[in-house]
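**Student:** From TrEMBL, for reference:
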DOMAIN    151-190  domain 'Mechanosensitive ion channel transmembrane helices 2/3'
DOMAIN    192-261  domain 'Mechanosensitive ion channel MscS'
DOMAIN    267-353  domain 'Mechanosensitive ion channel MscS C-terminal'
TRANSMEM  24-47  transmembrane segment
TRANSMEM  68-90  transmembrane segment
TRANSMEM  110-132  transmembrane segment
TRANSMEM  144-164  transmembrane segment
Amino acid sequence: MYHIYFYLKEIAMFNLNFLLGENFWLLHCFVLLFLTAGLHFLSRYILKHLLRKAEQTRIIYDEALLRAIKAPLILMIWFTGLSATSLLVLSHNSPWSISEYLSPIKKLAIIFSASWFIVRFIHQIEAFYIRFCAENCKEVDKTLIRALTQLITIITIILGVLAVMQLFGLPISGLLAFGGIGGAAVAFASRDLLANLFGGLVVYLDRPFKIGDWIRSPDKQIEGTVECIGWRVTCIRTFDKRPLYVPNGVFLNISVENASRMLNRRIKTTIGIRYQDAGKIDKITQQIRQMLLEHPEIDTQQTIIVNFIEFGHSSLNFMVYAFTKTTQWVKFQAVQHDVFIKIIRIISANNAECAFPTQTLFLQNESAINPLAQEIEKNSVFDTNG
């Protein structure tokens with residue numbers, strides 16, 4: 001037992017002498033890494049506690065701020081700890097100093113973390129604001145919010161790139177001069193991309209449609225619900241649930257019909273009754289018109305027409321023309337179904353019938369045909385005897 005104690009004591013003394021001797025810097029490295037890890041977990045705990053408090057309030061900015069700052073803050077903690085550890089290691093084992101190289105790298109990390117934080121914060125604000133409006137039944141223009149978010153993101157990235165160029169001593173004026181000289185060549189080479197970007201800008205400014213709208217174009221085979229409006233393409237979900245990606249430049253040259261902005265949906269049909277029921281058509285049309293005026297889903301402020309319009313080949317045709325209050329396609333189909341069923345009942349109640357194409361064949365009496373047949377037979381017998 002004494003030998004084991006002595007052996008462990010010798011190992012401990014050796015390690016202590018090793019760390020407190022010329023390798024004392026290793027202890028500093030372990031301490032720095034330990035402190036970095038401790039700050040990491042401490043910051044996560046504090047942010048988690050603050051986030052729990054922020055979720056209990058109705059202010060969206062504090063929660064968005066805490067969620068946005070989490071990743072950039074942890075990045076800066078580890079970058080600071082690792083850079084300090086690297087500086088300690090290299091300063092002990094390398095004859096040359098690296099502090100002058102770490103300084104611009106630190107500034108680069110600060111610029112990157114700040115830009116990353118701003119972008120995350122803007123996107124968090126967007127998500128929280130849309131959710132807040134949905135929970136409070138407020139109408140929100142997702143297209144405008146998405147455009148502002150993307151615009152601020154692009155501006156932040158551009159400012160970050162310019163700050164990095166300034167940090168490394170790259171002249172911004174030279175970049176602008178290069179852009180002036182090569183701008184024409186770049187614009188010619190990427191004219192389709194620029195057309196799409198300009199088309200996206202026009203969509204954002206003119207706002208012919210927004211996210212969630214049902215649109216279609218008579219010029220192209222484009223029809224569906226808008227899911228996303230980007231700077232280059234717009235994603236449309238067709239009615240067979242397939243994604244359709246349309247370059248924004250296309251919208252500069254086509255007409256777009258926004259069916260979601262219709263005020264009413266139209267019922268328009270032509271119904272024919274038999275010629276035998278000609279005396280009942282006036283009463284039938286009057287009853288159908290009255291039915292439409294009393295129908296709760298028909299907009300009586302709009303045009304209602306129930307008129308006899310033409311003499312068909314096999315029917316007397318009248319037109320039914322009205323507008324529903326709803327614009328939802330499924331509900332419109334139900335309203336139209338109910339209107340058609342009531343029209344059929346009105347026609348049946350007046351002992352009339354809907355017409356369909358028919359042909360009438362008139363046959364002569366057999367007594368009128370026999371004398372002619374006898375005359376033909378007599379002439380045939382005479383010709384044979386002759």
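Each residue's number is its place along the chain shown, starting with 1.
Placement of Cβ uses the backbone N, Cα and C atoms for every residue, glycine included.
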**Student:** Which sequence-distant residues neighbour the transmembrane segment (144-164)? Criterion: at least 6 residues beyond either end, Cβ under 8 Å.
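**Tutor:** Same-chain residues near the transmembrane segment (144-164) but 6 or more away: 108, 111-112, 114-115, 118-119, 122-123, 126, 129-130, 172, 204, 207, 210-211, 228-231.
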**Student:** What is the number of residues in the domain 'Mechanosensitive ion channel MscS' (192-261) that are helix, strand and coil, as DSSP sees it?
**Tutor:** 23 helix, 24 strand, 23 coil
**Student:** Do you know the mean pLDDT across the domain 'Mechanosensitive ion channel MscS' (192-261)?
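**Tutor:** Mean per-residue confidence for the domain 'Mechanosensitive ion channel MscS' (192-261): 86 out of 100.
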